[in-house]
Structure formats: structure tokens, C-alpha cells
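Here the structure comes first, spelled out in C-alpha cells, and everything after it is commentary.
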Amino acid sequence: MLSTMSPRLSLLLLWLLLLINAAHPVGALPRLCDVRRVLLEERAECLRELSEEKKALGPKTASGCERFWDNMSCWPSSALAQTVEVPCPKFLRMFSGRNGSLFRNCTKDGWSETFPRPDLACGVNMNGSFNERRHAYLLKLKVMYTVGYSSSLAMLLVALSILCSFRRLHCTRNYIHMHLFVSFILRALSNFIKDAVLFPADDVTYCDAHRAGCKLVMIFFQYCIMANYAWLLVEGLYLHTLLAISFFSERKCLQAFVLFGWGSPAIFVALWAVTRHFLEDFGCWDINSNASIWWVIRGPVILSIVINFIFFINILRILMRKLRTQETRGNETHHYKRLAKSTLLLIPLFGIHYIVFAFSPEGAMEVQLFFELALGSFQGLVVAVLYCFLNGELEVQKKWRQWHLQEFPLRPVALSNSFSNATNGPTHSTKAGTSEQSRSIPGANVI
């Protein structure tokens, strides 16, 4: 007896899952057209195999249960009194990312009902109240990261313009900062472009007219994300090198850093795109149901986070040792305050907060989304403020220009080294020239 529950259940699952999908901000759930296409492809493949089996049998009648399509899965032919196992339907794995199995018995009356229930076996939540709460949560999250990326984008553009405009600020350290700013800008822009492509008003546009363009957008998005992590790692590597190595060529290192920061992400993203094309080519490539393929990108990102965290710990150890040699015993409170300030300055520059959820379980996904999207979207804003707008030398330059224009409106503005040397802002001095060889570090003025 064929199951009469399967078609209704499949439609119910689709309806409930698509309610969640309508508000998902990061493109982790498929569109209805993607699900429909997967179902049609699997149905066509199942019917083709059934036709070939019938041709092979000829006029003979097969005993047992023949292959059939139940609107969710393709069940292979089976002998009587056998239990057949098939994996969870592909469209359910697209939503849940969970691998499971469904079973049917071949009886003298035909196929039995499916067991266990597909929603339970395949990890699909059928709780309507939970879905509504998640829907509202994801909407709020989307608003938060849109505000975060917008504010970060505006501040980063201004900060980048400032660093590019002042020739006195052109040094290896600030060149690295500028590349980091550009990576944050690209990350924000790629998020806006991705949302515009993945969530248009018309599903047909998404599914048919711009399928190739949509995949290119996702390739660009993944590249921008990886490039941002790469430049966070470059910041950590550069500062660690300043403290750990006495002499090295900063100019040659800058060339290597640029090649690594922009080149290494391209290699991994290209490998991911080729793998997706041949092994998981459905939808807009915004769904990562195959964990093995996703690790082509996730693996290097987690590795960069771990390496940067190791740099962070070692840098703090070196700073603590240096401070202990400089401080007197009676000034322990001041010593710890300066170390705390240095630590807080390094956290956004290195992206240390990412280590919290680098190895998070699936159950912590919503909390991880909050930290990485809602709070992480403001990281560019924080970095721009700390390493540009609160920069000590920039503060003096602005005040000096204002005073000079008021007192001598017809004379050109010239900044002497005495003003630069007198700076004592909340972050490190960014003066170029011989000061680079002094191995000053971010936050040196507050240590």
C-alpha cells in the first residue's frame, strides 16, 4: 500500500520551512525554486531508473516491490519482507544540513508507511511558535547588521581617505591598516550586494534570470570574507614580527603581506567554486549542506583565527614582560591599567572575538550569528575609530591646522617634528620615516 501521507507531509514541510526562509539574513536557507528544481531532478532520475528496470525485465513480472517516487524520495525495488533504507530527502538536507535515514518495509500488500517521520529523522523543526520566534529574531538581526555595516562603511571610507591624504602617514604599518580598511569596506559592500541578489521581491528573477550572476556574487562574497580574515591575520603577524624579530625588511615584508592578504583567499575561493560546480551545483551556492566542501573555506578561516589568537597571547606575554621591567613595584595598578588598554586595542585589530565561536556546535548557531553578524558588523567602525580618528598624530595635525589658519590665514601650514614627537594620543604614533625602525606598536602610547 503506497503512503498517502508523504505528498501532504512534503508540502507541509516546504510551507513551514519557507516561512523561516523568508527572513533569513545570511542566505543559509534555499529558495522555493531551488527546492522545486531539486525535487524535479530527483523525480526525473527516479522515473528514468524505473523505466530502465522495466525494460530489463521485459514481460516478466517482478516479485516484491518495484521502485517508486513518493514526492520526497526515490525508493529502490526490493524483495518481499525486506526493509529498505534511503537517506533523508535532499531538499530536507538543504534546510537542516543533517544526515539521516528513512525506512520502508516491502510487504505482500506493497510498500509500508515511511518510518520514522521525515521531520524527526531529518532534523526539521515543525514547531510553529519556535519558527515565529526565529523569524522575528532573524529580522532584528538583519536590521542590526545592516546598521553595523552601513556605519562601518561610512567611517572606513573617511578613515581611508585621511590615511591616503597625509603623506606623513605613509609607512608600512599604516599601509597594512589601509589594506585592512579596504577589506572591511569590501566585506560590507559584499554583504549588501549579496542581500540584494538573494532576497529580491521576485523569486523568478533569483531562480532563472540571474542564476550565473548570483553564483558570481557568492564567489565575490566569500572572497571578501576570506580577505578580511587574511588581513586580520596580517595585522597580527606584522605586530608579532615587530616584537619577536630585531631586524627585518619592512618593505619586503609589505610586498609579501599584500600577496598573502589578497592572493591566498583567491586560491581557496577558486578551489571552493570549482568543487561546488562539480559536486554541489544547486541554487546560488549560498547553501552549504555538504560539510566537506564548506571546509575548503571554513578550514582556512578557523586556522587564521587560531593563529591570530596565538599571536595575541604571545604579544600580551611580551608586553607584560616589558612592562614589568619598566614599572616600579609601587605602581602595579597603573601597570595593569596600561596592559588592559593595550589588550582592548588589540582585540578588534586581531579579530580575537571570533575565537569564541570558531568551534561552536550547531546548537549555538543563533548566538554565533549574533556575535559574527550583529556585533561583527561594527568591527570595521571600531577599527577605523581606534586606528585613525583617535590616532595621536592626526589629533595634533587637526588642532595645529585650526590654530595656524586662525593666527596666520595667509601663511602655509607646516608641521614640525616637534609636534609629532609631542603626541600622546590613545593609539600609536603613525609618523613615517625613521620612527618605523623603533619598532613602535599599536597602543604603545597607552602601555
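Placed from the backbone N, Cα and C atoms, the Cβ positions cover glycine too.
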Residue pair Leu169, Trp285: same membrane side in Swiss-Prot: no
According to the record in Swiss-Prot, which candidate from Cys106, Cys122, Cys284 pairs with Cys214 in a disulphide? Cys284
Name the cysteine that pairs with Cys65 in a disulphide bond per Swiss-Prot, restricting the answer to Cys33, Cys106, Cys122. Cys106
Scan Asn71, Asn421 for the residue that Swiss-Prot records as N-linked glycosylation site. Asn71
Can you look up which of Cys46, Cys88 is joined to Cys74 by a disulfide in Swiss-Prot? Cys46
The one of Cys46, Cys65, Cys106, Cys214, Cys284 whose CB sees the fewest other CB atoms within 10 Å, among these disulfide-bonded residues: Cys46
Which residue, out of the disulfide-bonded residues Cys74, Cys88, Cys122, shows the minimum number of other Cβ atoms inside 10 Å of its Cβ in this structure? Cys74
In terms of DSSP three-state secondary structure, what is the assignment for Cys88 (disulfide bond)? coil
Quick one: Cα separation, Cys106 (disulfide bond) versus Cys74 (disulfide bond), in Å? 14
When counting Cβ pairs under 8 Å to the transmembrane segment (141-166), the leader among 216-238, 291-314, 367-390: 367-390
Would you kindly give the Cα-Cα distance separating Asn290 (N-linked glycosylation site) and Cys284 (disulfide bond), rounded to the nearest Å? 14
